[in-house]
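Working notes, beginning with the structure itself.
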Amino acid sequence: MKMAPRHRQQLPPLPMVSAKLGDRLASEVFLEEGRELLPQLQEFRRDMHQNPEIGLHLPRTQKQVLKALEGLPLEIHRGHDLSSVVAVLRGGKRGERPVSVLLRADMDALPLREQTGSPFASTNNNMHACGHDLHTAGLIGAAKMLCRHREELMGDVTFMFQPGEEGPGGAQPMIEEGVLDAAGRRPIAAYGLHVGPQDRGTFHHIPGPMMASSSNLWITVYGKGGHGSRPHDAVDPVAALAEIQMALQVALTRRFDANEPIVITVTNLRAGDGAVNIIPDKAELGATVRVLRDEHIEAVRQMIIEVSSSVAASHRCTAKVDFEVLYSATKTSPREDQFAASLWSGMFGAENVVPMQTPMMASEDFGAVLAQVPGTFMWLGTANPETPEHMREWNHSPLARFDDSVLGDQAAALAAVAFERLAAEDAHPSPATKAMRAPVQGTGSDSQPPSSAAQ
């Protein structure tokens, strides 16, 4: 008997309330103010671009961010074990039991020597080749605009300035240090933007899995060395490793649905010390593994172990597999994705908010936040539309250039989505928000807010 397919219950779309500042749409105000801030944001971005820092410890970058936020009505928290900055804005119309949203930017660069020839090129051997300097400047702009309109804000906003996205990962340490609870309660939504080589001023989005998980793979095959003229007296790990490399690609197509993207890309092969007439006693393979659905990661790992062990054994060798999961997949909330896309379509034109046809197999540790808070993450194009796509340098290239004329719109988009989302939750509270705001039963009166919120 053919069973009817079962579908998960779909939640209704989030309402758009067209929040206003005075007699104008808030989104229009932010768009205008963002463009007024553009020269200021470009100056910040270009200074940051010239002085890139890598990893979890970015002392100069942190200092510059704090300087840019100085004088704003923000509660500032610095990271303990990393150079993060968390800033909380308390809205003037937040009420006794406020909700909050989170906006995030990463701040770290790559260990890459810049080759752009830009007048504000890096002055050291690192490079902002992934656009995190724009992300940081854009979030500073959003903070400035939201602070300007603090009295009309119907909740709180957490600004998350994160180091270490390029490695070893800064989102999870910030979560462990309390970024998701910085406003007092878990955010109802989280948003971020990532610049790339798409057409300048276009936003690109997809609901659900958007970017893949990332894992590092090392396979070491052990054999017995010998002379190249007498391979029968040796146990050749090179031949075994070569077969393992090809067998993994075949196994992927037989173990997993072809519609579920999984990538194993071998990027390192090492064996021997240079002598071409000596069979080494071990050979090593390094690879990156990308999986779009986290639930498949363990099955992929087990497959790699099985294939490596069995192929190695057929060559009388043994194999050791080291598999390290770096980042989980980045999954957007369909409702939050639709909400941001609808808002930004109204601000920038529907033709400039483009649904992605497929997810990307690159990885991004904002997924750690989106695993706990519903939200979305979109690409923002910075490339000249007249430049053919095949001639555009992608992120992580030493020739990558990002047109920072988008910064005003980038800041406006983030400010507007935070403002509108809080207004929507105030006008149409979710069941969770209603429950949180309900009077406590049995006390004879409403419960009092914490003393810190009442002060």
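Cβ atoms here come from the backbone N, Cα and C positions, even for glycine.
A TrEMBL annotation is a machine prediction, not a hand-curated record.
Under 8 Å, Cβ to Cβ, and six or more positions away along its own chain, His194 (Mn(2+) binding site) finds Gly131, His135, Glu364, Phe377, Met378, Trp379, Leu380. TrEMBL lists Cys130, His132, Glu166, His194, His396 with the feature Mn(2+) binding site.
As annotated by TrEMBL, domain 'Peptidase M20 dimerisation' applies to 216-312.
Taken from TrEMBL, the feature region 'Disordered' applies to 425-455.
As annotated by TrEMBL, compositional bias 'Polar residues' applies to 442-455.
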Under a three-state reading of DSSP, tell me whether His194 (Mn(2+) binding site) is helix, strand or coil. strand
Within the chain of Cys130 (Mn(2+) binding site), which residues six or more apart in sequence place their C-beta under 8 angstroms from its C-beta? Ala109, Leu110, Glu165, Glu166, Asn395, His396, Ala400
Per DSSP, what is the residue tally for the domain 'Peptidase M20 dimerisation' (216-312) in helix, strand and coil? 41 helix, 33 strand, 23 coil
